[in-house]
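I have placed the structure first, in the form of structure tokens, so that the comments after it can refer back to it.
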Amino acid sequence: MAATESAAIPGSNIAVRVAAGLLRLWEWCFGAISMIVILAFLATIPILNLMSLGYLLEVGGRIARTGKFTQGFIGIRKAARIGSIAVGAWLMFLPLRLLSDAWQSAWLIDPTSRQTRILWFVTMVATVLVGLHVAWACFRGGRLRHFIWPAPIRFFKTIFHGGMYAHAREGTLTFIKELHLWHYFSLGARGFFGTLAWLLVPVLWMIGARQITLPGVAFLVSLPGMVIFAFVLLYLPFLQAHFAAENRLKALFELGTVRRMFRQAPLAWWSALLITLLFALPLYLLKVEMIDREIAWLPSLFFVVFIFPARLLAGWALARAKKREKPAHFLLRWMSRLAAIPVVVSYIFFMYLFLYISWRGADSLLEQHAFLVPVPFLGA
């Protein structure tokens, strides 16, 4: 009998570890989805969208510093907590909304009836109880299970013990501090204006050329702007990753350093450039029609989903270049350089093509969502 029990213990331990691993995997996946939604929501709010840009820049910067893809998934567990609080609160307030609708309907039919007064009283009591339940669930950690079971015995013990307010205040302040919101905002603001400095001259040149009515002359005038823009595209993703890794605005303009690092990992750089520009093209389709502000966060989901892998790869290419001491073979470097030309030219071609279906016309050239905040998705 003892042998049977001792044999059953390892099996039960394995089952517990597997269950715990599945729960951690579920939490991580839920956190990743929550992070995408949070970034998409922030991307639609002026000023706050710099936090979204700062986070995406930090993704590439961390991978460039550490060389590990896992370091690019920042704050996933905290995003899971924010997501669980949002989902749990929404589920708890859903019956309350239905009850409120019933009371409003009864009030419209007969404001002085007994049923209306009863519904009003029940709605007020339910509002207080649900509010306390949501606050108590957040106090315990904000996981989904905390919203499902109120743990009444623990609730009364905590009340009688005292110190709930101080504990909640300290926990909330610590949680907010660990989000590093100011760091992402600062990184996004500096990255935005530094990137804009790179893009402004060629983009304004091309916009000015578009004002010429003669197509042939307009093309010839815009050609120098296209050439400058193509040169900027070759290095801008990696300059941004270098800037985020160093956390210095000056690093965003260290073209010589970035060009030297290209020699160490040319294939990785070409792959990152291809994905960055390729994944940016489908987002131009979202410029066809003005988007209502109420649903502007929905297309921003596509912005985050497409741009996030590009940031990962840009940081990865930079990390590979830093690890290698010697430059790659001469032929490999030049093959990567030559292969980058059709990638950049194709991007500029399709970008110009999308100008004819964009509701903002030539002004949409300023909306380089591959490198800046998702301006075209801010809505009306």
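Glycine is no exception: its Cβ is also placed from the backbone N, Cα and C atoms.
Curation plays no part in TrEMBL annotations; they are all automatic predictions.
Annotated in TrEMBL:
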- 32-57: transmembrane segment (TRANSMEM)
- 78-98: transmembrane segment (TRANSMEM)
- 118-139: transmembrane segment (TRANSMEM)
- 187-208: transmembrane segment (TRANSMEM)
- 214-238: transmembrane segment (TRANSMEM)
- 267-285: transmembrane segment (TRANSMEM)
- 297-318: transmembrane segment (TRANSMEM)
- 338-359: transmembrane segment (TRANSMEM)
Could you tell me whether the transmembrane segment (214-238) and the transmembrane segment (187-208) are in contact, taking contact to mean 3+ Cβ pairs under 8 Å with a sequence separation of 6 or more? yes
For the transmembrane segment (214-238) and the transmembrane segment (297-318), check the count of CB pairs under 8 Å (sequence separation 6 or more) and say whether it reaches 3 or more. yes
With a cut-off of 8 Å between Cβ atoms, can you find at least three pairs linking the transmembrane segment (297-318) to the transmembrane segment (118-139)? Only pairs 6 or more residues apart in sequence count. no
Mind pulling out the one from 78-98, 118-139, 267-285 with the most Cβ pairs under 8 angstroms to the transmembrane segment (338-359)? 267-285
Report, as numbers and ranges, every residue of the chain located at least six residues beyond the transmembrane segment (32-57) whose Cβ falls under 8 Å of a Cβ in that stretch; write 'none' if there are none. 73-76, 79-80, 82-84, 86, 181, 183-189, 191-192, 240-241, 243-244, 293, 296-298, 300-301, 303-305, 307-308, 311, 372-374, 377-379
